[in-house]
Structures are given as structure tokens and as C-alpha cells.
Amino acid sequence: MKPIVSILIFCALAVVIMGHPLDSGYGIPHIVEKLPNGQWCKTPGDDCSKSNECCKPKDPENYSGGCVAQWSGMHGKRINMCRICYLESSMC
């Protein structure tokens, strides 16, 4: 029983530290379009340097998107990632 509890605690801590891919808003509908430079916009969760590189949400009245600094457990530092979030959420 102890090993099972230890594994569950480890998994929970790993998710908290590294985050979850859905935290970036990947499941929220977004518009994938070509940018003026010929590249495709970056989807939520992708690395970015400017907000205009990121795909925009399909519902801009309720969702906001852009390039934000976010902690990466894999890199051990803050990195810029495209993100879409619900405006009413305290996480936005």
C-alpha cells in the first residue's frame, strides 16, 4: 500500500511542478492562420517571442491570447509560451 501512495504523491507533484499541456489553452478553439512572414501561427503551448506570432482565439469576447512568460519545469526557468485563457478566470 505504501508504494502505491508514494507513486500517487510523486505523480501529483510532477503535474504541479511541470504543469499540464492543457494549462496553455490548447483545447480552446483557436484560428490557425498564416502570418505575413509566411509561417503558420504558433498554437497554445508553443514557444514564442512576440504575441503576434500566436494563434488568436475564435471567441475574442470571452478569451484572450498572447505570448506570456510561464514557468517550465522541464527547462527549470521561465520561458515565453503562447497561451489562450478565459477572461473571467483568475488565471488569465
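Just so you know, glycine gets a Cβ as well, placed from its N, Cα and C.
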Problem - Disulfide-linked residue for Cys82, taking Swiss-Prot as the record, within Cys54, Cys55, Cys92 - result: Cys54
Handout entry: According to Swiss-Prot, the disulfide-paired cysteine of Cys41 among Cys55, Cys67
Key = Cys55
Completion exercise
Close in space but at least six residues away in sequence, with Cβ under 8 Å from that of Asn62 (N-linked glycosylation site), the same-chain residues are Tyr86, Leu87, Glu88
Exercise for the section: List the residues of the same chain that sit at least 6 positions away from Cys82 (disulfide bond) in sequence and have their Cβ under 8 Å from its Cβ, in sequence order, or write 'none'. Expected result: Ser24, Lys42, Thr43, Pro44, Gly45, Asp46, Asp47, Cys48, Glu53, Cys54, Cys55, Gly65, Gly66, Cys67
